[in-house]
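The annotation domain '2Fe-2S ferredoxin-type' is assigned in Swiss-Prot to 1-83. Taken from Swiss-Prot, the feature [2Fe-2S] cluster binding site covers Cys34, Cys45, Cys48, Cys67. What Swiss-Prot records for 83-122 is domain '4Fe-4S His(Cys)3-ligated-type', and it gives sequence analysis as the kind of evidence. Marked as [4Fe-4S] cluster 1 binding site by Swiss-Prot: His99, Cys103, Cys106, Cys112. According to Swiss-Prot, the feature [4Fe-4S] cluster 2 binding site maps to Cys151, Cys154, Cys157, Cys201, an assignment based on similarity to another entry. If you look up Swiss-Prot, you'll see 221-277 marked as domain '4Fe-4S Mo/W bis-MGD-type', on the strength of sequence analysis. The [4Fe-4S] cluster 3 binding site annotation in Swiss-Prot covers Cys228, Cys231, Cys235, Cys263.
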Amino acid sequence: MATIYVDGKEYEVDGADNLLQACLSLGLDVPYFCWHPALGSVGACRQCAVKQYQNADDKRGRLVMSCMTPSTDGTYISIEDEEAKEFRKCVVEWQMTNHPHDCPVCEEGGACHLQDMTVMTGHNSRRYRFTKRTHQNQDLGPFINHEMNRCIACYRCVRYYKDYAGGEDLGVYGAHDNVYFGRVEDGTLESEFSGNLVEVCPTGVFTDKTHSERYNRKWDMQFAPSICQQCSVGCNISPGERYGELRRIENRFHGSVNHYFLCDRGRFGYGYVNLPDRPRQPQLKNGNEQLAITVDGALNRAADALRNAKGVIGIGSPRASLESNFALRELVGANNFYVGVEQAEWQCQQQMLHILQHGGVPTPSLRDMEEADAILVLGEDVTMSAARIALSLRQAVKGKARELARKMKVDLWQVAAVQTLGQNQRYPLLITSLDTTRLDDVVEDKLHAPYADQARLGFAIANLLDPAAPAVTDLGAEQQAQAARWAELLGNAKKPLIIAGSSARSMALIEAASNIARALKGRGLEASIALVGQEANSLGLAMLASTSQPLEAALERIEAEEGLALVTVENDLYRRAARNRVDAALARLQHLLVIDHQATSTAQKADLVLPAASFAETDGTLVNMEGRAQRFFQVYAPAFYNADIQVREGWRWLAALQGTLEHKPLRWQTFDEISHACAASVPLLATMLEAAPNAGLRIRGMRLAREPHRYSGRTSMLANQNVSEPRVAQDPDSPFNFSMEGYAGSRQDMPQVPFAWAPGWNSPSAWNKFQDEVGGHLRAGDPGRRLLEATADTLDWFSAIPAPFKTADALQVVNYAQLFGGEELSARSPVIQARMSEPMLVLNPHDAARFALVEGGLVAFSWGGNHWRLPLRLSKKLSQGLVGLPLGVSGLPTALHQAYLANLQEAIA
């Protein structure tokens, strides 16, 4: 710690910070542009000038840039010095000489860091009357608008895109005061994290194109704290709504998970919430048509159907909340509840839960991952399955430069010096995969092989680290040497990290990862293991229904029994199983009841569809891959805008159905009631209630506001329908109001922050006001509750070492996961569809020659009653005997995993 004096007041600060960080952490306002908490200092903008004095007696002082000045003990500075204030005002004026002053038509207006800093410095009149520099804008793809004339040359964009995110197709061109930030030519930005430019840029150069199509100011949107639904990482988000539509998603700071950044799938994949074909009223099947019926009529028909069936079973979902899955299990009974994922994935998820519970090795948060000094990724393409992890791994490998900087006593915020000192030295990142990955540019070594051979390498590494681990006796000399190199790199680390997951559907890979983590822990290292699930609530479903059976068991029961009724919640069975098998099973049912918020293939076969609420229209709890229970809150009430909309939370439909069926009062009327019931009945979920406050929370006696206090048009937005002002929607399930009435701001500590705003800070930089220190954690504590923590337990060594992969006449299907299109919900979003690459079938050239197939030609194949025609791509990296398919895309079910195809043939276009 260090003692500094600011405008005559004494403060204790972290001596490792620069003065700008220190002042912002103290809650003092110092304007800045080029600095960012995640990017460090380069001193490019000169905006953060303060007056520094030699001692308490110095009255003259000198101007220094606070972002480039360390917080040494005994530092005396002044923010309010007149010379410093005038200098900062002049800097803004210089920045604005070429700015178009187009705030009224700029999409950044009202959430603009440049506006905030201009007001903060007091610059309020223009003196420049000459020709302004102009630029030609670029088309950067479906996600981001480009307006270069607003640029102030702060260099944040290229520092984030190239230095932080590892992108290569955005740069800066030109010299002196005529520089251009963009691509060499028009084209879609290639980075999976390009959307963060929208928040990194302090002006309106890079803006959200998906928001442009239905634009409104930040102060006119309704927000709620929420959780990304598009993978198992559980990033915190702030969705914004207007007129009953989700308009955009902003990052919600979480000190342990996503920090300041999201992946593009999470930021832009929300379009499925607004689709016009969503079921919004109960739908009754009448021949080939679906007829809208009333809520009471739907519940009575559903209850009659279940009452008259010979048995009722339920199929849950890893994309549904804990509460909805729990309500379904309570309706049908634990023995009749099935988890709704295929057997291979369910076995992997159960094993992953077992390892996290009893393995004795901690599971890292994303922030913890960034501190790892050696990383092994076994068979999991994290860029495609959990992209935000890939961004953290990029920061982790740069830790070598930070280590060198510490040895040389260079402050870590001096990023240019740290980069120069590092000279591209990195901590080792080791990856086993089927083919190339997006992390190959920072990898130390890699293995391209079938999953069985990848697992064998993992088991061999564990044995080399600890001879007590099972040995691989028939490993080839080349792989034995590679295992030795990798074991040495991991064994020499202090904080090694092992990553695996269920996307490969390989138990052997997960068990090999566990063995390696145990061996590293046994050597006294701070080892950690991250096991990546496939969907937002995969781990939560495993914790809730650890003894339940997979989808295949449900289909087998339907095939074996007559007269069953099936209730599914937020699950499209056709995505997870062969079409002919699902068709046959559904045809045998006496009644099919589907509760979902999307018009899926399963819903089209339903006798009755009950319209579920999407994540923006409901409350719920998810458990992310590290075992952190996190609550997402309802953003808006659809029925407020249109009384004909009858969507309900999945658990509310099920509670009402059970009450109708049993002729009893509802078991749960509020979210708090069902959450308490879930926590009480499942020991693993006993502490899930600590993930968020209950509906009774008040701050200074007030509920919390979902809308900024400047929200406009509330009394007139529906005047075209009725001149009488409707009462705002009421929320019995959370402490939030559907209005601007209530508490909003940063003065009182609260972990559930709907939107970032503080007096004078309207941009995402306002998160500084909510943190214990800039870039640290929220003052009230990061949201969520870890349900799984490492114990002193130690699992036995896993010994089921697979045999080497051998080619056969038929080709084994492996998944070529896709970030855009591979996840069910975001793949329905039009903007994500515009970003999806063409689905292809991938073969090794030798296999292509064996089937007489040529690259670029169409390949036809059949499986499970479906027929596909996909263009062929050849890859020498993919091992012989394998065929790569983008499962989940183009109707390719995930059950194709590790199936065998022998009928590949050339298709005539």
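A Cβ is built for glycine as well, from the same backbone N, Cα and C atoms used for every other residue.
Structure coloured by features recorded in Swiss-Prot.
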residue	record	contacts (Cβ under 8 Å, 6+ apart)
Cys45	[2Fe-2S] cluster binding site	Tyr32, Phe33, Cys34, Trp35, Val91, Gln95, Ile152, Ala153, Cys154
Cys103	[4Fe-4S] cluster 1 binding site	Gly109, Cys112, Gln115
Cys106	[4Fe-4S] cluster 1 binding site	Cys112, Glu147, Arg150, Gly204
Cys151	[4Fe-4S] cluster 2 binding site	His135, Val179, Phe181, Thr203, Val205
Cys157	[4Fe-4S] cluster 2 binding site	Leu170, Phe181, Leu197, Val200, Cys201, Val205, Phe206
Cys228	[4Fe-4S] cluster 3 binding site	Gly234, Cys235, Asn236, Ile237, Ile249, Leu262, Gly266, Ala536
Cys231	[4Fe-4S] cluster 3 binding site	Cys263, Arg265, Gly266, Ser385, Ala386, Ala387, Arg388, Glu535, Ala536, Glu823
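The helix, strand and coil residue counts that DSSP assigns across the domain '4Fe-4S His(Cys)3-ligated-type' (83-122) are 25 helix, 0 strand, 15 coil.
According to DSSP, the domain '4Fe-4S Mo/W bis-MGD-type' (221-277) comprises 11 helix, 20 strand, 26 coil. Counting every protein chain shown, 23 other Cβ atoms lie within 10 Å of the Cβ of Cys34 ([2Fe-2S] cluster binding site). The [4Fe-4S] cluster 2 site is set by Cys151, Cys154, Cys157, Cys201; from the centre of their CB atoms, other residues of the chain with a CB within 8 Å are Ile152, Ala153, Tyr155, Arg156, Phe181, Val200, Pro202, Thr203, Val205, Phe206.
Note on Cys112 ([4Fe-4S] cluster 1 binding site): other Cβ atoms within 10 Å of its Cβ, all shown chains, come to 22.
Here Cys48 ([2Fe-2S] cluster binding site) comes close to Leu20, Val30, Pro31, Tyr32, Trp35, Met65, Ser66, Cys67, Arg88: these same-chain residues lie at least six apart in sequence, with C-beta atoms under 8 angstroms from its C-beta.
For His99 ([4Fe-4S] cluster 1 binding site), the same-chain residues 6+ apart in sequence whose C-beta sits under 8 angstroms from its C-beta are Leu114, Lys132, Asn149, Arg150, Ile152, Thr203. DSSP gives Cys157 ([4Fe-4S] cluster 2 binding site) a helix state. The record gives His99, Cys103, Cys106, Cys112 for [4Fe-4S] cluster 1. Within 8 Å of the mean position of their Cβ atoms, the other Cβ atoms in that chain belong to Pro100, His101, Asp102, Glu108, Gly109, Leu114, Gln115, Arg150, Thr203, Gly204. For the domain '4Fe-4S His(Cys)3-ligated-type' (83-122), the model's pLDDT averages out at 95. Apart from Cys34, Cys45, Cys48, Cys67, the residues listed for [2Fe-2S] cluster, the same chain places the Cβ atoms of Leu20, Tyr32, Phe33, Trp35, Ser41, Val42, Gly43, Ala44, Arg46, Gln47, Met65, Ser66, Met68, Cys154 within 8 Å of the centroid of those Cβ atoms. Here the Cβ of Cys235 ([4Fe-4S] cluster 3 binding site) has 28 other Cβ atoms within 10 Å, regardless of which shown protein chain they belong to.
Annotation note: Cys48 ([2Fe-2S] cluster binding site) sits in a coil segment as assigned by DSSP.
Each of the binding-site residues Cys201, Cys263 was ranked by the number of other C-beta atoms within 10 Å, and first place falls to Cys263. Of all Cβ atoms in the shown protein chains, 28 besides its own fall within 10 Å of the Cβ of Cys67 ([2Fe-2S] cluster binding site).
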